[in-house]
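Engineer: Pulled these features from TrEMBL for this protein:
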BINDING   Gly7, Ile8, Glu9, Gly10, Thr11, Gly12, Lys13, Thr14  ATP binding site
DOMAIN    5-199  domain 'Thymidylate kinase-like'
Amino acid sequence: MFVTFEGIEGTGKTTQIGLLAEDLTRQGKRVAITREPGGSRIGRELRRILLSLETKDLCDRAELFLYLADRAQHVAEVVRPALADGMTVLCDRFTDSTVAYQGHGRGLSPDLLRQLNDTATGGLAPDLTIVLDIDPEIGLRRALSRNLETGAQVSEGRFEAESLAFHARVRQGYLALAAADPGRIRVVAADAAPREVFASVRAACQEAAARHG
Ligand code: TYD
């Protein structure tokens, strides 16, 4: 099964992915954890360019194509082989990030993005997508303090430096995506304690697994 996690900055995706991986491993499943951007060797180089606050002159279309390049490489090198090997793949961000950030956030056409996403993935879609939903003010505050703790304000701070209005548009983008595809996408409120949030994540995953067979 292929499960992706989405949401604005600071929703606690990493924590939830860790909890789900633990839970699935306990059930005897083999789990691969990966992420975009940066799930492959080439992708890690793209991630450095994409997230650095020092990247100041990247135009919206160039940004889009770097995310798509990262995705194409990641799907070919990591995701498809792991799925073919029977693993459950948990991925931190995937195609919906592009529609939410480059589409709703930057203003590029969602239809174009859907087509380009399809080209990048060769048609691979997640079986389940969890959107962790939080007020952008709370999310940004969390993300900024995390970056301070890890010393990543400059190396990973380019999106955290975007306005609150930008993050509010991205959040609305995710909610619109979920409303349009309720079979695949589950919205989980992320402002509760991690264990509480995880109860909903786990329930969504079990339901999807039953559907997946
Ligand atoms: P990441 O470390 O995953 O974010 P978080 O702060 O939530 O842990 O950083 C990835 C950033 O890249 C994030 O700000 C969203 C952005 N992004 C896009 O704009 N488009 C995309 O297609 C992807 C995959 C990510």
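Yeah, the Cβs are placed from backbone N, Cα and C, and that goes for glycine too.
Caution: TrEMBL annotation is automatic and unverified by curators.
Let's see these features in context: how buried, what's close, how far.
Structural biologist: Under the DSSP three-state reduction, Gly7 (ATP binding site) is assigned to coil, being neither helix nor strand.
The average pLDDT computed for the domain 'Thymidylate kinase-like' (5-199) is 97.
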Engineer: Near Glu9 (ATP binding site), which residues of its own chain have a C-beta under 8 A away, given they sit six or more steps off in sequence?
Structural biologist: Gly139, Leu140, Arg142, Ala143, Phe159, Glu160, His167
Engineer: Can you tell me the three-state DSSP label for Thr14 (ATP binding site)?
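Structural biologist: Assignment for Thr14 (ATP binding site) reads helix.
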Engineer: Using the recorded ATP site (Gly7, Ile8, Glu9, Gly10, Thr11, Gly12, Lys13, Thr14) as reference, state which further residues of the same chain have their Cβ within 8 Å of the centre of those residues' Cβ atoms, listed in sequence order.
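Structural biologist: Counting only non-site residues, the set is Leu132, Ile134, Gly139, Arg142, Ala143, Ala190.
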Engineer: Just how many other Cβ atoms lie inside 10 Å of the Cβ on Gly12 (ATP binding site)?
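Structural biologist: There are 23 of them.
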Engineer: Tell me, how many other CB atoms lie within 10 A of the CB of Thr11 (ATP binding site), whichever protein chain they belong to?
Structural biologist: 28
Engineer: Give the subset of the binding-site residues Gly7, Ile8, Glu9, Thr11, Gly12 lying near ligand 1, defined as CB under 6 A from any of its atoms.
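Structural biologist: Result: Glu9.
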